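K.L.:
Below you'll find the structure I mean.
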C-alpha cells in the first residue's frame, strides 16, 4: 500500500499543477473546441480538422504569401510581411511557408523604428546638408547623416564637401568676397588690362612697320638691278660701234 500511495501523490500533484495553470494538454498538444487534447501541426502547417477520440489532427500546408513558423493548433496561417519601398524598405529574404519576409533598409535611408524581433519597421531618408555645410559623418542603415559648417575660408554650394576660396591671380582683383555658400569672385584688373592691350598694339605696329620696311627695301633692290644691266648693254654697244668704225 505504501508504494501505491507514493505513486498516487506525485500524480495528483502533477494533475493539480496542470489544473492550477489552466493547462490540461501536453506541450506538443492543443485543446480543441471539444476540449480534446489534440496533437499540434508542425511548422508550415495549420489545423484543417481537430482530432477526435477516433482520429488524430488533420493538418494542411499554408498557401502562398502566408506562413507558420512554429508548431500550432491554429486554423489560419500568418500573413507574410510586406516590405514597402515607400517606407525605405526592400525584400532581403522572401517569405516561405515556414518563415516570414525579412526586410532591410534601402540605400540612402536609415531605420526609424525597430519591431519586437529587432527588424526595421520603417526607414527615413538621409538628410541633405545645406549649402555652407559639408558631410561630417556619412549616413548608414542605422544612423542619419551628420553635417558640419564649412571652416573659415571655404565654401560649399551642394552641401557635400567644402572647397577653399579661389585666390585671385596677379593680373586680377577681387570684386566680391567669398562666404560659406559661395566662392570669391575675381576679375581682370582694368588698369592692367589696358596696359596689356597697349603693349599688344605696340608689338603689332612694330611688326607691321618692320614688314613694310622689308617689302620697301626688296622693291628698291629689284628696281636697281635692271638699270645697271641696261647700262652694261649700252656700254657694250658703244664699244662695238667704235671697233667697227676703226675697222672701216
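Just so it is clear, glycine is given a Cβ too, placed from its N, Cα and C backbone atoms.
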K.L.:
Which stretch does TrEMBL mark as transmembrane segment, out of 195-216, 217-238?
P.N.:
195-216
K.L.:
Going by C-alpha positions, which of the disulfide-bonded residues (38, 41, 51) is nearest residue 62 (disulfide bond)?
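P.N.:
That would be 41, nearest by Cα distance.
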K.L.:
Looking only at C-alpha atoms, tell me how far residue 38 (disulfide bond) is from residue 59 (disulfide bond), rounded to the nearest Å.
P.N.:
11
K.L.:
Looking only at Cβ atoms, how many others are within 10 Å of the one on residue 38 (disulfide bond)?
P.N.:
21
K.L.:
Let me know the model's mean pLDDT on the domain 'TNFR-Cys' (61-103).
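P.N.:
Result for the domain 'TNFR-Cys' (61-103): average pLDDT 96.
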K.L.:
Six or more residues beyond either end and a Cβ under 8 Å away: which residues meet both conditions relative to the domain 'TNFR-Cys' (24-59)?
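P.N.:
Long-range Cβ neighbours of the domain 'TNFR-Cys' (24-59): 18, 67-77, 96-98.
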K.L.:
Quick one: pull the CA-CA distance for residue 59 (disulfide bond) versus residue 51 (disulfide bond), whole Å only.
P.N.:
10
